[in-house]
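Okay, structure first, notes after.
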Amino acid sequence: MSAVDKTLLSVPTQQASDVANGTKRSGTVLKESQHPLQPDGGWGWVVCLTSMACNGTVFGIINTFGTLYVAMREHYAKDDPNVSFKTSWVGSVNTGITFLMCMISSILSDRIGIRLTGIIGGVLACIGLLASAFVEELMLLYLTYGIITGIGFACSYAPSLVILGHYFKRHMGLVNGLVTFGSSVFTIALVFALPVLLDAIDLKYTLLFLAGMAVLLIPYSCTWKPIFTKDNLAVSQAAMSTMSIEMLQSQCHECCKFTRTFLNVKIWRNRGYVVWAVSCGVSLFGYFVPFVHIIKYVNDAFPGNNGSILIMCIAITSGVARVACGKLADFKCVNRVRLQQAAFAIMGVVTLCIPFSDSFGGLIAICLIIGVCDGIFICLLGPIAFDLVGERSASQALGFLLGIFSIPMTVGPPFAGLLYDHLGSYNIAFHIAGCPPIIGALIMFFIPRTKPTNGSCTPI
């Protein structure tokens, strides 16, 4: 480690705390107030860059599934009357597993380390996409592309968010915006690349190309060296006594031991976090429907137009909104919860309006607005979690939240595909998809007001 890195990662000492709170471990004295400081720079910018690439890889592939959806629909189930429903499940299982397993990924990050969890994710994602390239049955894609790849994405994505809190505090909102901007950049690139690849080398080798992108998650993860570890996180006297009581209880109640050891259940006693998690979960029932079905909708309603352009429009404005909103969220006067609430409400309204557009240009305008709302929503996930539960609980808070996301994001697109198979139109599907974000926005009024004291998180 260089001298600069040692300076950035140094831990301040307080001799007064040594005397008052002396607790020996390995010949040293741990102090209650001994906290490693986020460097807000240095190696953190490398972490920011690799986290951005990780987010780009994961969500670039997820967001452009609509392009693969059309190819899979033609390749695997041409004559099946429920082809839209069955093919939608491939991407939905992948998205759902990605968010569901973020709960496990956050726990693994705490137990075995952020870096190792990310490496495991890269290996699994690569294996899943490689296997998908050689699958001949649509149902097997649920396992390879859906479950295996989804688990890999989860093990890479969740640590990429958590590691940011180790290196940034004052610029946390901006850094979150930059990192999540990666998904927009990769989505735009894949919007252009995937149709060309599908035409030139077919679905099999396109999946092999995506597997090559996934393997790069391994070197990205190698850069995520955590600062906050079990050895340097401060533990108060009250917390120590609580842990002792819980240890005694766990000896009497073995069924509770796993929960207390591996899961941070205290976050579920935080009213603000619970309401926020419920509202986000409700909102996402219709969130992913346009990403999966908008291209097929364009092929039906506006033949001759390129539906992939709409995904590109969403990605462009989403990327701009993530950076702009990230910087905006660093101001103390900005209420991050209300900003995200407004994004949900607007996104619900414009999704409802998709069938009312009588021109392709109108759809472009709608997708531009959807992209802005998407950028605001994604950018604020990390900062709001830090605001509500604090930096120590943020890892599992994000993991549980993303796990909740898995249910609505898995159910939404197949339900829209089922409606299309039976009604022959996406109109009702988009009308229904617009309602959950509006309902979720209304639920967010019950979140207690939080006032960030810095650009990163609110001390609890």
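Placement of Cβ uses the backbone N, Cα and C atoms for every residue, glycine included.
Features of the protein shown, as given by TrEMBL:
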| type | residues | note |
| --- | --- | --- |
| COMPBIAS | 10-25 | compositional bias 'Polar residues' |
| REGION | 1-25 | region 'Disordered' |
| TRANSMEM | 43-69 | transmembrane segment |
| TRANSMEM | 89-109 | transmembrane segment |
| TRANSMEM | 116-135 | transmembrane segment |
| TRANSMEM | 141-162 | transmembrane segment |
| TRANSMEM | 174-197 | transmembrane segment |
| TRANSMEM | 203-222 | transmembrane segment |
| TRANSMEM | 273-295 | transmembrane segment |
| TRANSMEM | 307-325 | transmembrane segment |
| TRANSMEM | 337-357 | transmembrane segment |
| TRANSMEM | 363-386 | transmembrane segment |
| TRANSMEM | 398-416 | transmembrane segment |
| TRANSMEM | 428-447 | transmembrane segment |
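If you look at the transmembrane segment (203-222), the same-chain residues 6 or more away from its ends with a CB under 8 A from one of its CBs are 50-51, 53-54, 57-58, 60-61, 68, 71-72, 75, 115, 117-119, 121-123, 125-126, 128-130, 132-134, 145, 149, 152, 156, 159-160, 194, 197.
Sequence-remote contacts of a segment are chain residues at least 6 beyond its ends whose Cβ falls under 8 Å from one of its Cβ atoms, and for the transmembrane segment (307-325) they are 63-64, 66-67, 173-174, 176-178, 180-181, 183-185, 187-188, 191-192, 194-195, 290-291, 294-299, 339, 363-364, 367-376, 378-380.
Touching of the transmembrane segment (398-416) and the transmembrane segment (337-357) is ruled out by the presence of fewer than three CB pairs under 8 A, sequence neighbours closer than 6 excluded. The transmembrane segment (273-295) is in contact with the transmembrane segment (428-447), judged by 3+ CB-CB distances under 8 Å for residue pairs 6 or more apart in sequence.
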